[in-house]
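*Asks:* Could you have a look at this structure, given as structure tokens, before my questions?
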Amino acid sequence: MRGPIVRLSPGLFLALLPAAATPSVVVPPAVAVDIADFAFGPAEIAVAPGTTIVWTNRDDIPHDVVAADAPRAFRSAPLDTDERFAFRFDREGRFPYYCSLHSRMQGVVVVR
Amino acid sequence: MDGNATGRRAALGCMAWAGAGLLWRVQGGVPRATLLGSAEAAGAGGGLAFVQVSDSHLGFANPPNPDPAGTYREAMALVRAGRGDAALMLHTGDVSHLSREPEFDVAWQIAGEAGLETHYVPGEHDVLVEEGRGFFARFTPRSALGAEPGRARGWYAFDQGGVHFVGLNNVQDLRPGGMGRLGAEQLAWLRDDLAGRAASQPVVVFAHVPLWTVHAPWGWGTDDAAEALALLRRFGSVTVLNGHIHQVMQKVEGQCAFHTARSTAFPQPAPGAAASPGPVRDVPPGRLRALLGITRVAEVRGESPLAVIDTPLGA
């Protein structure tokens with residue numbers, strides 16, 4: 001699985017999706033995962049290949065999003081309140097991840 | 001504790017959430033508390049005294065504290081005013097909120113106002129980027145503090161006033177689903193460091209995440225702490241000082257006394273008392289400073305472990 005790792009500011013993210021929807025460009029689907037109360041919600045999510053997942057930190061405390069399996073397919077920068085991290089999942093598979101600051105926080109992306 | 005209901009009740013019962021400072025004096029493994037400022041507390045001096053501060057979170061800007069630099073400065077003023085014969089200060093991590101250089105800069109300058117030599121260990125908020133190199137270069141430099149290779153990664157030891165101080169890093173390379181972690185390399189170093197030391201020498205261990213399991217569902221513990229504590233078991237006086245949970249908690253196990261300090265920035269809920277361990281946002285007006293504070297530790301000669309006094313920033 002190799003996807004572009006993009007860290008988006010909230011404003012940039014909102015501006016990107018409609019702007020990219022020109023007739024010649026197919027916008028891949030995007031799915032949101034919230035980080036709130038020290039948990040990923042939903043903790044498990046199933047998506048089709050090519051889907052971009054966008055995590056948004058709703059907590060007052062920074063979190064990150066780190067692939068659990070080596071070699072790590074994705075690792076976000078620390079996300080402060082309301083910051084986002086986007087990653088496109090191109091390959092099928094099961095991709096567990098966690099917050100490296102608060103390692104009890106775990107999630108999984110299933111691509112099929 | 002380890003999830004045991006009775007242990008959890010006991011731990012909650014010995015929490016000093018707020019209010020007047022307490023002097024903890026432990027004799028024969030039995031802790032006794034006296035009010036700070038009482039004659040009994042005043043008579044407990046002697047030996048080496050030092051101060052612990054924790055979780056200054058420079059860069060935090062949410063309720064209930066939009067100005068953690070201001071409250072950290074107040075904490076340093078309290079240290080300066082009440083330091084007495086204190087010989088040094090320990091900062092048990094989360095100096096910064098987002099590991100940013102300006103946060104480290106301001107924290108460094110404010111800590112200087114205490115007028116005490118200060119020793120640091122990292123919290124998870126200090127090592128968010130570049131594996132913590134910015135924090136280690138400034139706060140645990142090998143050149144200034146000594147030559148041990150572990151200093152560049154936040155673990156080291158030194159002796160002062162007859163006490164052996166051990167700083168540990170349990171906030172990096174955490175395992176998914178786990179809690180704090182020391183790791184095999186650090187544990188091997190600790191084994192070598194303690195080998196050959198007289199069991200009569202008082203030992204003070206300081207690290208960010210508690211080295212005892214305060215509340216596993218919130219990750220408030222250290223997965224491999226038992227291995228470190230086994231190495232310390234033969235010593236007659238062991239005091240373990242931690243931060244991370246932004247509230248005072250105590251536990252005594254054999255010759256080992258565990259203590260967590262308040263934050264100087266914001267309080268966190270009692271274990272399990274909220275949906276998450278995030279900051280307590282709805283602090284009643286005027287009550288924030290009662291939930292922040294500093295800790296003073298005195299080594300009482302001939303007694304063990306050490307006497308610990310927690311002082312809030314305000315009533």
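The backbone N, Cα and C atoms fix where each Cβ goes, glycine too.
In case it's useful when we look at the structure, here is the feature table from TrEMBL:
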SIGNAL    A:1-21  signal peptide
DOMAIN    A:31-111  domain 'Blue (type 1) copper'
BINDING   A:His63, A:Cys99, A:His102  Cu cation binding site
*Asks:* Taking only same-chain residues 6+ apart in sequence, whose CB is under 8 Å from that of A:His63 (Cu cation binding site), what do you get?
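*Replies:* For A:His63 (Cu cation binding site), the qualifying residues are A:Ile35, A:Phe38, A:Asn57, A:Pro78, A:Leu79, A:Cys99, A:Leu101, A:His102, A:Met105.
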*Asks:* Please classify the secondary structure at A:His63 (Cu cation binding site) using three-state DSSP.
*Replies:* strand
*Asks:* For the recorded Cu cation site, enumerate neighbouring residues of the same chain (Cβ within 8 Å of the Cβ centroid of A:His63, A:Cys99, A:His102, site residues themselves excluded), in sequence order.
*Replies:* A:Ile35, A:Phe38, A:Ile61, A:Pro62, A:Asp64, A:Tyr98, A:Ser100, A:Leu101, A:Ser103, A:Met105
*Asks:* So what's the mean pLDDT when you look at the domain 'Blue (type 1) copper' (A:31-111)?
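*Replies:* Here the mean pLDDT over the domain 'Blue (type 1) copper' (A:31-111) amounts to 97.
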*Asks:* Out of the binding-site residues A:His63, A:Cys99, A:His102, which are near chain B, with a C-beta less than 8 A away from one of its C-betas?
*Replies:* A:His102
*Asks:* What does DSSP give as the helix, strand and coil breakdown of the domain 'Blue (type 1) copper' (A:31-111)?
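*Replies:* When I sort the residues of the domain 'Blue (type 1) copper' (A:31-111) into the three classes, I find 0 helix, 43 strand, 38 coil.
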*Asks:* Counting every protein chain present, what is the number of Cβ atoms, excluding its own, within 10 Å of the Cβ of A:His102 (Cu cation binding site)?
*Replies:* 23
